[in-house]
Every structure is written in C-alpha cells, then in structure tokens.
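K.L.:
Before anything else, here's the structure in question.
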Amino acid sequence: MYRKIIKRSLSNMRDSYLIYILACSFAIGIFGILLSMGDNPSVHSALSWWDDFIYDITTIMSSIFAFFAFIYMIYVGGFFVKQQRNEFLTFEKLGMPRWAIITISFLQTAIVQAVAWVIGLSVMLVFQKFMGMLLFYLMQIRFNFVMHIGLKSFGLLVDVFLISTLVLSLINAIKTMRILQKRQRRTIIKTRWWLRIPAGIFGVILLLTAQIVTLYLFKDMRIISYSSKPLTEIVYIMGADIFGTYLVYFGFLPTILNIMERIHSVSYSGINLFSFKYMKERLFQNISILWFVTELSALALALLTFCYFGYQAVHQNYNSAYPFELAANKDTVKVIRKELKKNHAQIKGSYKTAVKINLVSYYSKSSQSYIRQPMTFMSYSDYESLPKRMHKNNAKINSHEFLKIDYNSSLMYNSDIDEHNIEVKGAPMIRTAEQGNSFPYGSSMHFGPMMIVPDNYYEKMPSEVKDTFYGWDFKKGDRLKHSQMKKLENYRDAYYMKVEFESSLSKSTIEVMKKEPNKYEAATYTQAGFLRQGNLKKHFKQGGGFYLFIVALFSVALLVALGSVLTLRILLRDDYQSSQLRTLQKIGVEESEIKGIIRCENTLTFLIPIVFALIQSFAAIAMFDFGRHISKNIILIYAGYIVLYGLFGIISFKVSWRGIKQKFKL
Amino acid sequence: MQIVVKNISKDFGKKRTAVHAIKDISVEVDQGEFLGIMGPSGAGKTTLLNMISTNERPDHGQIIIDGLDLTQLHDRDQAKYRRNKMGFIYQSFELLDSLNVKENVILPLALNRSNKKLIEERFIYMMQLLNIENLSARAIDELSLGQRQIVAAARALINRPEILFADEPTGSLDSKSATILLNYMQMINQKEKTTILMATHDAFTASYCSRVVFIKDGVIFSEIVNPGNRDKFFEQIINMQRTIGGGDYFNVSQNN
C-alpha cells in the first residue's frame with residue numbers, strides 16, 4: 001500500500017516534480033562536468049601552460065556550485081512536503097503510524113533525488129564533450145576534447161549523490177514530522193494595513209531616493225580614487241534598494257491591489273472582483289520568495305555587469321599595452337627586421353612614427369602633486385595616421401588640440417579630468433590637454449606619458465632625444481622562435497635617460513646612456529627596445545575564454561534556479577486556491593477569463609522581480625561602467641537575460657494552465 | 001423557459017471499464033416548473049443536472065432550451081449562456097472564501113459587467129427577499145452552513161436566472177435550515193416564475209417540487225406529479241423510493 005501511496009503522490013504532482021528534477025539534473029550535470037574537467041587529460045595537454053590552475057579553479061567552482069545547488073534543493077524540496085500537508089494529516093487521522101508517514105516522505109524524496117541524479121549524470125555524460133569543446137572554442141584552442149571521467153571524480157560524484165540524497169531525504173522527513181506534530185490549520189495571513197501602508201510608502205521613498213542617488217553616482221564614480229562620497233552613495237543605494245524592494249512588496253503592491261479592489265467601478269467589472277483578491281492573496285503568500293528572487297536576479301545582473309565591464313577594462317588595458325603584435329624603436333628595428341626576414345613572417349601592416357622626447361613640468365590634478373618628467377611627443381598627423389584601434393579609446397581631438405596619454409592607475413575607473421598648464425622645455429606652455437590612456441605602440445614602449453600635439457607645435461618644439469617607433473601586424477603571428485627571442489633579449493632596453501633636474505626646466509637636461517647604469521637613480525628612465533605580444537596574446541585569449549565559460553555557466557544555472565523556484569511557487573498553489581478557480585468555472589466564468597487570471601498571476605510573479613531587479617542593477621551600471629553611460633552591449637546582455645527569464649515565465653504559464661485544466665475535468 | 005432533453009447518454013471511463021452514467025434519457029420541463037430528480041447514489045442525478053446546465057457535454061443526444069440546442073454551442077458560448085440564464089446551488093455551497101458575502105452574491109452581475117447601480121439595487125432586493133441583510137459584510141468563514149446555503153441561493157438568483165439548478169441543496173443542512181431554504185426556493189419559483197431543477201435523494205426535500213422523476217442506473221424509472229397536497233406527495237415519493245430500492249451501489253452486500 002505504501003508503494004501505491006508514493007506512486008500516487010509522485011504521479012499527482014508530476015508537473016512540479018518534473019520541473020524540480022530537470023532543474024536538479026541540470027545542476028548535477030554541470031557539477032559533474034566541472035568536476036570531471038579538472039582531471040581530464042585533454043584539458044591538461046591543451047592547457048599545459050596553466051598547470052594546476054584549471055584543476056584548482058574547476059574544483060573550487062564545482063564546490064561552490066554544489067553548495068548552492070544543495071541549498072536550492074533543500075529550499076525547493078520543502079515545497080513538496082508543504083504541498084502534501086493535508087494528505088499526511090489525513091493519513092494520520094486514518095490511523096497510519098507517524099513513522100510510516102515519515103518514511104513515505106523520506107522515500108519520496110530519495111526517489112526524486114535518485115531520478116534527478118540518474119538524469120543529471122546522463123546529462124553529464126552526453127554533454128561533457130560538448131561543454132569541453134565549447135570551452136576550447138571559447139579559449140581559442142584547436143584541440144580535441146576527449147570524453148573522460150576519472151575514477152577519483154566518479155567516486156566523488158557517487159559520494160555526493162549518496163550523502164546529498166540521504167541528507168535531503170532526512171530533512172524532508174524532519175519537515176514531515178514537524179507537520180504532524182504541529183497539525184495547525186491553514187495559516188491566515190494578517191493584512192495589518194496600519195503597518196503595510198506606511199511601510200509601503202516608506203519603501204517607495206527608499207527606492208526613489210536610491211534611484212536619485214544612482215544618478216549622482218554616475219557623476220561621482222570618477223572621484224572614487226580620492227573621495228568617499230561614491231562609496232557612501234553605493235552603500236546607501238544597496239541598503240535602500242534591498243529594504244525598499246521588500247517594503248514595496250510587503251506594503252505598497254498589496255495596498256495598490258486593495259485600493260483597486262475598493263474602487264467599485266473597477267472591481268465590480270468582470271472577473272476583477274475575484275482576481276484582485278486572488279492576486280493579493282498570492283502576493284501575500286509569495287512576498288519573501290519574490291523578494292529573494294528579485295535580489296538574486298539583481299545580483300546576477302550586477303555580476304554580469306561587473307564581468308562585462310571587467311572584461312572590457314582588461315581587454316582595453318591589454319590593447320593599449322599591446323596595440324601592435326611587435327613594436328620596436330630606431331635602435332632595434334634593423335635586428336628585428338632581419339629576424340623577421342629569416343622566418344618569412346607575413347607582415348599584414350607596418351607603421352613608423354617619429355617622436356621627440358622633451359622635459360615637462362605640471363601640476364597633476366589626478367595625483368594632486370607637482371610632476372617633472374620626460375615626455376614623448378608625437379604630431380597630430382602621425383597620430384591620426386595610425387590604425388584606429390590606437391586612438392579609439394582616447395578622447396577625440398582636432399588638429400589644434402592637445403592630448404595627454406598617461407598610464408591608468410585603475411583598471412575600472414578612468415580619470416578624464418583635463419590637464420592644464422603643462423610647461424614644456426623650450427616650447428610654449430600647453431594650456432589645456434585632453435586625457436587618454438591608450439598609447440600608440442603600447443604603454444610598455446614608454447617610460448612616461450605621451451603628448452599628441454598640433455603639427456606646427458611639433459615642428460617648432462626642440463627635443464632632448466629624437467626617436468622613431470615601429471610597429472608590425474602579422475598574418476598568423478611573427479613566427480619568432482625561442483632561439484631568436486633569446487637573441488633579441490639583448491635588445492630589450494634600447495637606451496637609458498638620466499635626467500638632471502635643475503631649478504627650472506630650461507636648465508634641466510637629459511643624458512642618454514647606451515649602457516645600463518651600474519647604479520639606478522631616481523631620475524633614470526629606460527626606453528624599451530622592442531615589445532612583443534607573443535604568448536601573452538594566447539594566454540589572454542585563453543584566460544578570457546575560460547572566464548566567459550564560467551560566467552556563462554553560473555549565470556545560466558542561476559537563471560534556471562530562479563526560474564524554477566518561481567514556476568514551482570506558481571504550480572504548487574494549495575487545494576483551496578485551485579478549488580476557488582473550479583468554483584468560478586461552475587458558476588459560469590468562461591475558461592478564457594480563468595486563463596486570464598492565471599496569465600495575470602504568472603505575469604506578475606515573473607514581471608515584478610525582473611522589473612525591480614533591473615531598477616536595482618541600474619546602480620551596478622553606474623558603478624562599473626566607469627560612471628559614463630549605458631552601453632549597447634550591456635543592454636544586449638540584459639535583454640538576453642530577460643528573454644531567458646521570460647521563457648521560464650511562458651513555460652510556467654503553460655504548465656500552470658495545464659494543471660488547472662486537469663483539475664477542471666475532475 | 002421550456003427545456004427538452006432528447007435521448008442523452010453519457011459514459012465515464014475507458015472502453016473496458018466504462019460506466020454508463022446516463023443511458024438514453026429524454027425528459028421535458030415546462031416553464032416555471034419545480035422539477036425534482038431523485039434516485040439512489042450513483043444513479044446519474046448529478047450527471048443529468050450537469051449536462052442540462054452545460055457543465056458537462058453529453059456523448060449523445062440534444063438539450064434544447066427554448067428552441068436552442070445547447071449541445072451545439074461552443075464552450076465559450078455555453079459559459080455565456082450559463083452565466084446569463086442559469087443559477088446554481090450546490091451541496092458544497094461553492095462559495096469563494098476569499099470574497100465576503102456581498103462580493104459572493106454580486107459576482108454573477110459583476111461578471112456580466114452590469115452597472116454599479118443595478119448591482120446595488122439587485123443586491124439589496126435579494127438580501128431583503130432572503131432575509132439576510134445583516135450578513136452582507138461577513139466573511140464566508142463566519143457563516144453557519146445554513147447561512148452559507150442561503151447566500152449561495154442569493155448568488156444563484158441575483159441575475160434573475162430563468163433556470164435554477166440545485167444539486168443536493170439540503171445535503172449539508174440540518175432540517176430547520178433545509179426547510180427555510182426550501183421555502184425560499186418555492187417562493188422564488190412561484191414569485192419569479194423561475195424554473196427549478198433539483199437533484200436530491202431526500203424525500204422531504206423532493207416533496208417541495210411540482211413533479212419528481214426517478215432515475216435508476218442511468219435511466220428514468222418513473223415519475224410522480226405533486227397532487228397539491230405535500231404530505232400525500234411525500235408518501236408517494238417514499239413508496240417510489242421503496243420500489244426503486246437503494247440501487248446497485250447499495251446492493252453490493254446483498255450480492256455477496
């Protein structure tokens with residue numbers, strides 16, 4: 001008989017169990033794939049440079065993943081026990097011993113978990129190769145990913161399966177025991193309008209002020225390096241968003257529904273009389289879950305924003321450090337050309353630009369200090385003739401403007417304050433210069449900042465040192481061999497400049513030294529002889545690909561978890577709510593109208609969290625987008641997230657309506 | 001409103017285990033008639049009522065009300081017809097717990113998007129007619145079973161239905177509450193000329209009807225017309241019930 005009861009319960013809630021099992025299987029599959037990737041021989045062969053890093057990262061990531069998946073299973077698994085509350089109490093009334101009911105609950109959970117694990121492990125086996133190939137594709141590695149599960153990983157998976165199933169079954173058994181001990185009737189949610197209305201209004205105020213402060217944050221974020229104001233604003237926004245959202249859910253939204261319910265011209269029209277109350281009731285039931293989903297969605301969007309802009313910043317930083325595949329100066333160009341010739345390297349493009357090095361002094365606003373240093377000067381025409389990628393990240397200037405290109409101390413936040421009053425030895429003072437961070441020929445080719453100046457200024461200005469920079473782009477790399485690189489190592493430093501600063505710039509001089517000084521002094525600068533991306537480019541692409549893989553995997557997993565939680569909340573409406581819908585049908589409410597209520601419930605349940613999450617993630621854009629603007633790409637990322645999230649909403653509606661229709665036919 | 005039921009039948013379940021709930025039943029109900037449908041449990045009373053009220057579709061046959069064949073209507077049109085022309089009283093009341101008494105009663109009018117003034121007028125009239133004015137602001141949980149059924153009746157009658165369907169309306173009530181409800185139903189039948197179809201297995205309840213048809217194993221077994229004396233009619237019903245017996249459902253032990 002117990003077998004029949006379990007079978008019947010599983011069959012009755014099959015739609016809900018199916019969603020839960022699919023979500024769990026997905027999590028188990030991903031966990032297994034991450035775990036098995038760490039000791040996959042093809043990953044080790046293809047990524048030998050990364051050494052144990054990949055193994056360490058996949059182990060850490062799979063552990064984090066497993067931890068959150070376990071939390072999800074505990075939380076969502078509880079829904080089913082709650083759903084069977086009446087059934088368990090009836091069993092007890094009929095004289096079934098408590099231990100038998102608890103065993104039924106234990107076995108049900110164990111069966112569901114076992115099914116989820118079987119499907120999850122199958123998913124792992126089927127998709128391991130696909131995911132491995134995807135990882136290699138993202139890392140731009142041409143290598144065959146071999147399907148492999150090490151004994152160690154397999155043993156660990158079996159252990160996790162046994163322990164997690166046992167623990168989850170025990171937890172649900174304890175939950176069942178508590179239900180049988182408490183025997184309380186359906187809890188009636190207290191409306192407490194005296195509390196909800198002020199709380200709701202306060203929540204709206206908090207959210208509005210958070211948005212206003214976010215607008216300020218867009219402006220203030222650039223001063224984060226020397227002011228605590230942006231940090232204070234961030235703390236306020238986070239607090240106001242989190243608590244404001246809860247209070248809006250707790251007080252404001254139910255109040256709106258209550259007001260609409262009291263406006264008879266609205267509520268006495270069609271099905272509104274019922275649907276407003278029904279929605280309010282469902283909202284009361286789901287406030288904590290909606291809030292939880294909102295905050296996690298906001299976190300997911302904030303993480304995506306952070307990852308996107310972080311990646312952009314690293315990418316931009318990398319590109320400004322290595323704009324050419326190979327760069328050289330006048331002292332090394334001959335040797336490098338000779339080596340390239342030997343290799344028959346296919347040159348796609350080559351560039352050369354004359355530069356002047358002169359002494360400057362100015363007061364730097366960003367560092368708030370007085371600076372004296374050598375600076376490399378380049379003419380506007382030469383700068384403009386370089387490939388676009390060299391100057392696309394710098395401020396745009398015209399032929400009579402100045403642009404100062406300097407190192408960026410922070411990856412994320414650019415200081416775009418213009419420089420003023422830059423004294424140049426033997427040349428007119430530069431009154432205003434725009435700011436940029438992207439160096440032509442790469443930041444490592446320079447010992448200090450660079451200045452792009454109008455052509456006639458450049459022609460007339462004197463120089464302490466004259467140099468020429470060279471840059472090459474290749475088809476399929478520069479092909480420099482290890483031995484050639486070893487030879488070129490001797491040309492790494494082209495020359496050294498010792499600056500003698502005197503009381504004024506006109507008296508200060510630069511002494512050029514060909515040999516490395518025995519003793520480095522504070523004012524000794526080194527001019528790089530050449531700069532090559534080589535392996536770094538490969539590692540950068542591989543690292544970026546791995547990073548994208550992990551971020552995408554976690555984002556999708558989070559989305560699946562959130563979507564399934566909301567779907568299950570909608571599906572697992574209690575018997576009382578289902579019977580109300582059935583009553584409506586009996587007294588002549590059209591099926592389309594009842595479908596409308598279900599659609600409305602679904603839309604609200606899915607729409608409310610995503611709208612509030614988007615409102616909150618606005619602050620993340622302000623924080624990570626260098627406080628400048630909302631870029632097109634981040635809108636696309638958000639749109640992708642919303643579309644995937646929306647898919648869950650549509651599935652949820654379809655399954656929910658199917659369940660209701662089945663009950664109508666009873 | 002005349003109801004003509006022609007040769008309807010309904011089966012439940014799959015081929016081998018199919019149960020023939022209704023087998024080729026034909027019946028006519030005149031306008032303003034108070035028809036009782038009696039029979040033992042499982043005889044097919046509720047199924048017949050559900051089919052006439054368009055809550056279920058017959059497998060065969062026609063249900064014609066004032067010349068309109070309801071079996072030919074689309075589900076959506078059936079629902080509209082049900083909402084506009086019919087009222088329902090169920091044994092389990094089928095009240096919406098989330099709504100209060102007033103909201104439950106006015107629901108059919110609100111569904112028809114009637115204007116607010118009409119809704120208020122009809123509500124006051126109905127509450128006075130059924131003598132439940134003091135209940136209007138109460139929650140459903142706070143009502144006795146008898147009060148709930150009166151409220152259900154008020155809801156069923158507020159949009160002046162031409163046909164009132166009552167499925168075991170007194171099934172959950174004590175005799176006092178049942179008598180009150182039945183008196184109200186009789187009053188409505190006489191005052192508003194509402195056609196009433198009531199399924200019951202209780203002879204006392206059926207004695208309020210003007211005619212009673214007896215169903216056994218899905219077919220009409222017999223019918224009795226009220227001679228104008230309720231006590232005599234009650235006795236006739238009891239005698240017919242004795243003749244019919246409990247039906248297969250109750251005869252299981254006899255077969256053993």
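Cβ atoms are placed via backbone N, Cα and C, with glycine included.
Because the structure is a prediction, the values reported are computed rather than measured.
Pulled the feature table from TrEMBL, pasting it below:
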| type | residues | note |
| --- | --- | --- |
| TRANSMEM | A:17-37 | transmembrane segment |
| TRANSMEM | A:57-81 | transmembrane segment |
| DOMAIN | A:60-179 | domain 'ABC3 transporter permease C-terminal' |
| TRANSMEM | A:147-172 | transmembrane segment |
| TRANSMEM | A:193-218 | transmembrane segment |
| TRANSMEM | A:234-257 | transmembrane segment |
| TRANSMEM | A:289-311 | transmembrane segment |
| TRANSMEM | A:546-572 | transmembrane segment |
| TRANSMEM | A:604-624 | transmembrane segment |
| TRANSMEM | A:636-657 | transmembrane segment |
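What's the neighbourhood like for these features in this structure?
P.N.:
Among residues of the same chain six or more beyond the transmembrane segment (A:57-81), those with a C-beta under 8 A of the stretch's C-beta atoms are 13, 16-17, 20, 23-24, 27-28, 30-31, 34-35, 37-38, 105, 108-109, 112-113, 160, 164, 168, 171-172, 175-176, 179, 546, 550, 554, 557, 561, 564-565, 568-569, 572.
In this model, the domain 'ABC3 transporter permease C-terminal' (A:60-179) carries an average pLDDT of 89.
Same-chain residues lying 6 or more positions outside the transmembrane segment (A:193-218) and placing a CB less than 8 Å from one of its CB atoms are 230, 233-234, 236-237, 240-241, 243-255, 258, 615-616, 618-619, 622-623, 627-628.
A Cβ distance under 8 Å defines the sequence-distant neighbours of the transmembrane segment (A:234-257), meaning residues of its chain 6+ beyond its ends; these are 191, 193, 195-207, 209-210, 213-214, 217, 276, 279-280, 283-284, 287, 290-291, 294-295, 298, 608, 612, 615-616, 619, 623.
Sequence-distant neighbours of the transmembrane segment (A:289-311) (same chain, 6+ residues past either end, Cβ-Cβ under 8 Å): 241-242, 245-246, 249, 283, 411-412, 544, 547-548, 551, 554-555, 558-559, 561-562, 565-566, 569, 605, 608-610, 612-614, 616-617, 619-621, 623-626, 633-634, 637-638, 641, 645.
Under 8 Å from some Cβ of the transmembrane segment (A:604-624) lie the Cβ atoms of residues 207, 210-211, 214-215, 217-218, 221, 234, 237-238, 241-242, 245, 248-249, 253, 279, 282-283, 286, 290, 293-295, 297-298, 300-302, 305-306, 308-310, 412, 562, 566, 569-570, 630, 634, 638, 642, 645-646, 648-649, 652, all in the same chain and six or more residues away from its ends.
Tertiary neighbourhood of the transmembrane segment (A:636-657): same-chain residues 15, 19, 297, 300-301, 304-305, 308, 555-556, 559, 562-564, 566-567, 570-571, 595, 598-599, 601-603, 605-607, 610, 614, 617, selected by CB-CB distance under 8 Å and a gap of 6+ residues from either end.
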